[in-house]
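Structure record follows, encoded as structure tokens.
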Amino acid sequence: MYQLPYFKLLAQASGTTTVKERYDIDRHDQRLRTLRLLSILVTIFYFSYIPVDMYLLPDIGLRSVLLRIFVVGPLVILMLYYFGRPGPIRHKELASIITVSLATLIWCLGLLGTSDPRVLHYFYAGLVFQLALTIVLAHPFEYSVYASIFLCVCLYTIIWFLPGADAEYVTNHLVVGVPTVVLTLMANYRFSAESLRLYLQRVNAEELRAELALHNETLDKLSHIDPLTGLANRRGLNRRAASLTRSRHVPDQYVAVILIDVDHFKAFNDAYGHDAGDDCLRKIASALQGACGPQDTACRYGGEEFLVLHADSSNSGITGALLAERIRETVAKLDIAHRKSDHGHVTVSVGVCAGLLEHDEALTHLIKAADQALYAAKDTGRNRVSEDQNGSLADV
């Protein structure tokens with residue numbers, strides 16, 4: 001039995017546990033609600049047969065009432081109490097199996113002692129318990145198999161003690177009983193296997209969605225990052241600017257655009273090669289990150305140009321200029337050799353412009369103003385900071 005595909009699936013590894021353990025944990029709450037409701041309905045159905053017993057078999061009617069109320073009733077109460085206790089769902093399904101099996105045994109024992117020949121017809125109703133176990137309550141297949149064996153032992157042991165029962169009657173009963181047991185177990189297996197298959201499909205779909213979301217998040221991050229320097233690219237800059245624009249309701253929320261250009265970088269590439277040029281840009285990018293604060297966004301704006309978007313709750317026209325000067329000094333201290341430069345090492349020119357991000361086009365205007373300040377810094381000798389102050393330029 002345990003070589004069936006259903007059991008092989010349950011035994012497969014799932015992370016640090018098995019499919020069976022994960023399946024039982026995930027289905028616990030929903031299965032418990034269903035099991036509790038179905039158990040109550042089956043109990044009501046079971047007790048509703050008291051009038052049937054009293055009508056068909058009046059000589060054991062009182063015994064039937066007493067057995068159902070004082071034996072089966074407490075068993076059901078204990079089962080429902082156990083359902084409310086912490087524990088694996090399979091233990092609770094096992095409790096349900098045991099309760100129904102004992103209820104079947106008690107029903108069979110209750111029929112003993114009757115002298116009414118109609119009991120032979122009534123005894124066919126015992127197969128209803130098989131339907132309840134395998135189809136209605138739909139317990140796991142292995143539990144259903146063991147319970148079915150127990151029910152068959154009960155029914156076809158008690159049957160020989162019924163008045164008027166003979167080999168022919170038992171054979172007729174088996175003709176109905178055996179197919180009922182086999183077919184209900186087949187249906188139960190299909191239900192158990194299909195439930196597990198749908199669960200695994202759902203788990204796989206959820207894992208794929210999570211993996212896809214992670215890949216999308218990674219791709220989104222990569223699409224906003226410059227691959228050479230690891231800084232933000234223009235898309236990353238626009239995202240940060242949009243975020244600041246949405247928060248422009250904050251009073252006095254100024255930003256400073258700091259535009260940085262590496263002096264004589266084409267000459268550096270010609271003298272040292274493109275690999276050295278790439279390494280130079282990476283070192284400058286690292287220096288930018290070290291000079292900037294946590295609220296600043298440093299990005300590679302294009303080629304040898306970098307841009308820092310500096311946000312501060314105070315007047316960023318001042319702090320932006322100070323940050324620009326710090327960036328210039330930090331790059332100079334890298335002391336990257338540059339024989340084509342008048343200074344003998346790599347330097348940068350910096351343009352600064354500050355203002356409010358009052359609308360979506362504000363960043364474009366600030367960048368244009370910072371670019372004009374940058375050209376002013378280059379025109380006045382490079383390796384310096386120039387600031388745009390309301391349309392006028394000033395060296396820092």
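Keep in mind that glycine also has a Cβ here, set from the backbone N, Cα and C atoms.
According to TrEMBL, the protein has these features:
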- 35-52: transmembrane segment (TRANSMEM)
- 64-82: transmembrane segment (TRANSMEM)
- 94-113: transmembrane segment (TRANSMEM)
- 119-138: transmembrane segment (TRANSMEM)
- 145-163: transmembrane segment (TRANSMEM)
- 169-189: transmembrane segment (TRANSMEM)
- 253-390: domain 'GGDEF' (DOMAIN)
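A contact between the transmembrane segment (94-113) and the transmembrane segment (145-163) is present, since 3 or more of their C-beta pairs, 6 or more residues apart, lie under 8 Å.
When Cβ-Cβ distances below 8 Å are used as the criterion, the transmembrane segment (169-189) is approached by residues 4, 6, 120, 123-124, 127, 130-131, 133-135, 138-139, 141, 144-145, 148, 151-152, 155-156, 159-160 of the same chain, each at least six residues removed from its ends.
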